[in-house]
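Have a look at the structure below before the remarks.
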Amino acid sequence: MKNSSDTSRGRGEGRAAAEARFEEPADGTTRDRVMSSILHHGPSTAGDLAERLGLTPAAVRRHLSALSENGQVASREERVFGPRGRGRPSRVFFLTDAGRADYYTAYDELAITALKQLAAAAGPDALAKVAQARVDDIEERYRGMRAARPAQDPAQTLAECLSAGGYVATIEPGPAGQQICQHNCPVAEVAKVFPELCDVETRLFSELLGSNVQRLATIAHGDGVCTTHVPVDVEITRRRIAADPPSTSTVG
């Protein structure tokens, strides 16, 4: 006959076995999935990651702990904006420079060396032309997408355009407007040395959206996400035009 301690131990072992069926082993593959999810969705809570990856929060926290010890992930308290405004602070996890290094290539160092030599030989104007040529490609892609989807929110179109170029961009609600969040930056390592790349990109956003946007954070500066604030007046103007388009008829 089993005593109560045997019964309790059996139940505990049963719970552990049940939980194990829903938790993946702490292997590199799963940690890669955790890092990839943060890269594509931006700073995330353990609960967000668990839901996306089909893991238990306990399993995700173990992976995050290991990644933190390796210096690939860090965390901070952050208030999240939602449909009802500013939410409660939550602990979010984001990739560090070391974590992002896996997504960059050895070409970064080559590009930095080449741009340094170009600036030394031809002056700052030559560097400005290189920076402008890079955003010209973004502008061309954006205008093609806008022509195909004229009714879409311009900021959303820009985010999709940036994602097509490897920036993994999303639109998030923010105070008095929207925020374009670029969760990856293919030129982040280069932009650390040549911030002109970020400046030219920000000016392009203002031109394309018809508003004085503000760059709040950049990966090159050490932030987890490149964040650009788009004032609310852009949304208001777009909605007004959509609701009451200008008349093209003439009175004769």
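Note: Cβ is positioned from N, Cα and C throughout, glycine not excepted.
What TrEMBL lists as region 'Disordered' is 1-32. If you look up TrEMBL, you'll see 8-32 marked as compositional bias 'Basic and acidic residues'. The domain 'HTH arsR-type' annotation in TrEMBL covers 31-71.
Per-class residue totals from DSSP over the domain 'HTH arsR-type' (31-71), listed helix then strand then coil: 32 helix, 1 strand, 8 coil. As a whole-number mean, the pLDDT of the domain 'HTH arsR-type' (31-71) in this prediction is 90.
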